[in-house]
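Student: Dropping a structure here in C-alpha cells format, bear with me for questions.
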Amino acid sequence: MTTQVPPSSLLPLSPEQLARLQAAVGEFSPTQMAWLSGYFWGMVNQQPGAVVAPAVAAPAAVTITLISASQTGNARRLAEQLRDDLVAAKLNVNLVNAGDYKFKQIAQERLLVIVASTQGEGEPAEEAVALYKFLFSKKAPKLPETAFAVLGLGDTSYEHFCQAGKDFDNKLAELGAQRLLERVDADVEYQESAQQWRQQIVAALQARVPAQSAAAVAVTPSGAVDEITSSPYSKAAPLTAQLSVQQKVTGRNSEKDVRHIEIDLGDSGLRYQPGDALGIWFDNDPALVEELLALLWLKGDEQVSIDGQNISLSQALRSHLELTQNTTLIVDKYAALSRDEKLIALLADKSALQHYAKNTPIVDMVRQAPSDLNADQLVALLRPLTPRLYSIASSQAETENEVHVTVGVVRYDIDGRPRTGGASGYLADRLEVDGDIRIFIEHNDNFRLPANPETPVIMIGPGTGIAPFRAFMQQREADGATGKNWLLFGNPHFTEDFLYQVEWQRYVKDGLLTRIDLAWSRDQADKIYVQDKLREQGAELWNWIQQGAHIYVCGDANRMAKDVEQVLLDVVALHGAMDAEQADEYLSELRLARRYQRDVY
C-alpha cells in the first residue's frame, strides 16, 4: 500500500518542516510510529484539567555512603574533600563519622567508601572501634550486593603501617563485597596519593551511578563530621601566638621532665573545647642540623627545592624536614645509598629493622654508616616535618584567651650523646617566653564531657594523660555541674610526679572531685598502676556505670589503654554476670552511646 502525501496547501507544515519530519520518521519502526502518534496526541491534549497518565517514576538515586574513621583529623578532612568531589560530580553522598554510623545497616549499603586512619599498634581510630569489632564479629552479615573502596592513612615510622585500612579492606572482601578500587595506603605525606585516589574513586563511582541533576543531588552529612568549630586557623594556616608560661611540674629528682605550657591567644578569637588537641609546629634543633650537615660534609648553603621554593639546605632541615623520627623506609633508602653492609643485612630481618628504626635517630644512623649524600639526596631521603598534637589541659571557661598543654619532654642518650624529642625539646629548651609559636586546634568530638551536668564522670589518665581531665574539671566547675567526678591517676613517685597536685587537692576539698585513686608505681616493692587501682574498685566502678557514668581514658595506647580496657571487660563480666562475649558487646554499646571514650596515643 502506498501512502499518498496530501497537497502542500492542505498541510499545516511548511515544505521544510515536512522534509525534516519525513527524514526523522524514516528511522522508526511501525510500533514506534504508533507510540509517537499517541505521544503527540497526549502533548496536544495536555491542557489544564485534562487527565494525563502518570509518568513512570524514575528509579531512586543510589546513595554513596562515605565513612570517616579519623584519629587526628586527617581522615576527616580527606573524607570531606571527597564528599565535595562527589557532589560536584552530581552524585548522592552520605558522609558519616564512623562513631555515628549505624553499622547494623551495612548489609543495605550498595556503594561504600571508607577513609580510615590507624593508631597505636595497628588499631583503628577510636571512633571506628565499634564498627571494626562488629565487622570482625560473628554478627557481621555477608555483603554480596556491596561495592567498596578503602583509603588507609598511616605513618611508616610505625610497624603496623595503615593496618586499620588493610583490615577494613580485607574484611569487606571476605564478607563478599566487591572492590571498586584497590586499596591505597598513604603515609604522612599523603596529599598526592590521596588526590590521585580521590580522582580514581570519583571516576569509578560515576561509572556505576548515573549522575543526577544539580537539584536532585542529596548531600546528607551526619554525625560530628560537619559540626567542627569553624576557624580561620588550621594545620595549613596556623595562628602565630606567644608563649606566656613554660614551667617544669615534676620534681628535681624525678625520672621525668614534664612541662606545663601556657600560650597567649591574644585577640585571635581562636576557640576550643575540653577534649580538643593543640597542634604545635616546631623547628628542629639548630645543633642537630649542624651535626647532620657535618657528618655528610655538607655546608648548608646548598639550594634545594621545598614545595616549589628554593631555600638553603640549612633552612630546609631546620623548618621543613623531619629529623627526630626514623622509619624503616628511610633505613631502607639509606642502606641503598650508603651501601653499608650492616644496614643491608638488617633489611632481611623485619623485627630487627623495626627495632633499629624506632631506637636509632637519623643523625646516629648516618654516624654509624657514613655516606657522602648530596643535598638533593638528603632532602629526598627525609620526610616532611609534621606538627605534634597535645591534649589541651585547660577550659576557656576559666582561662579565656589562653590554651594550656602538658608536655612530657623526650630525653635519652645514643652512644653517650644526648638526644631530645623534636617538639618537646623545642618547647622546653629553645622557645623563650614571649616567643612566637605556630598553633592550631584539632577538634575531637569523640572525647567530650556529657551534655547533662548531672552525669557522673570517671577519668583515667596516668602521666601526661591527666591533661584533658584538668580541662574537664575546669569546665565542670564553671558549669556548676553536680555530677560526681572520679579521677584515677598514676606516675612513678608521689613526691616527684604528682602533676597539678594542689589543684586536685582543692577540687577534693571543695567537693567537686568526689573521689581520687592514685597509683605510684615506684613507691613500694610491687609496682602499682592505674589499672590495678581500677580492678581493686571493681564493685564501685560497676555501681558508677549503673548510675550512667561516662568513662574517659587518656594516655599510652600500647600498654595502659589496653590493660584498662581488659579490666573494664573483667569488671563488667564479673559484676554484670556476663560471659566474655556479652561483656565485649556491653562495652561496645557504651562506646556507641559515647559513654566510653578514649584519647590515646
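Cβ atoms here come from the backbone N, Cα and C positions, even for glycine.
Not my notes, these are from Swiss-Prot:
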- 64-202: domain 'Flavodoxin-like' (DOMAIN)
- 70-75, 117-120, 153-162: FMN binding site (BINDING)
- 236-450: domain 'FAD-binding FR-type' (DOMAIN)
- Thr324, Lys358, 388-391, 406-408, Tyr412, 421-424, Tyr601: FAD binding site (BINDING)
- Ser521, Arg522, Lys527, Ile528, Tyr529, Val530, Gln531, Asp563: NADP(+) binding site (BINDING)
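Provide an account of the burial state, proximal residues and distances for the features listed.
Tutor: DSSP places the residues of the domain 'Flavodoxin-like' (64-202) in helix, strand and coil in these numbers: 58 helix, 35 strand, 46 coil.
On its own chain, Phe161 (FMN binding site) has Thr118, Gly154, Asp155, Asp185, Asp187 as residues at least 6 apart in sequence with a Cβ closer than 8 Å to its own Cβ.
Under 8 Å, Cβ to Cβ, and six or more positions away along its own chain, Tyr390 (FAD binding site) finds Ala277, Leu278, Ile280, Val405, Thr406, Val407, Ala467.
Taking the Cβ of Val530 (NADP(+) binding site) as centre and 10 Å as the limit, one finds 27 other Cβ atoms among all the protein chains shown.
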Student: For each of the binding-site residues (Arg388, Arg522, Lys527), count the other CB atoms lying within 10 A of its CB, then report the residue with the highest count.
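Tutor: That would be Arg388, with the highest Cβ count within 10 Å.
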Student: Specify the secondary structure state of Tyr390 (FAD binding site) as given by DSSP, simplified to three classes.
Tutor: strand
Student: I'd like to know which of these binding-site residues, Ser70, Thr324, Thr406, Ser521, is least surrounded, judged by other CB atoms within 10 A.
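Tutor: Ser521, out of the binding-site residues Ser70, Thr324, Thr406, Ser521, has the fewest neighbouring Cβ atoms within 10 Å.
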Student: Tell me, how many other CB atoms lie within 10 A of the CB of Gly120 (FMN binding site), whichever protein chain they belong to?
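Tutor: A 10 Å sphere around the Cβ of Gly120 (FMN binding site) contains 21 other Cβ atoms.
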Student: Rounded to a whole number, how many Å is the Cα of Ser70 (FMN binding site) away from the Cα of Gly421 (FAD binding site)?
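Tutor: Ser70 (FMN binding site) to Gly421 (FAD binding site), Cα-Cα distance: 25 Å.
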Student: Determine, from DSSP, whether Ile528 (NADP(+) binding site) sits in helix, strand or coil.
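Tutor: Once the DSSP labels are grouped into three classes, Ile528 (NADP(+) binding site) ends up as coil.
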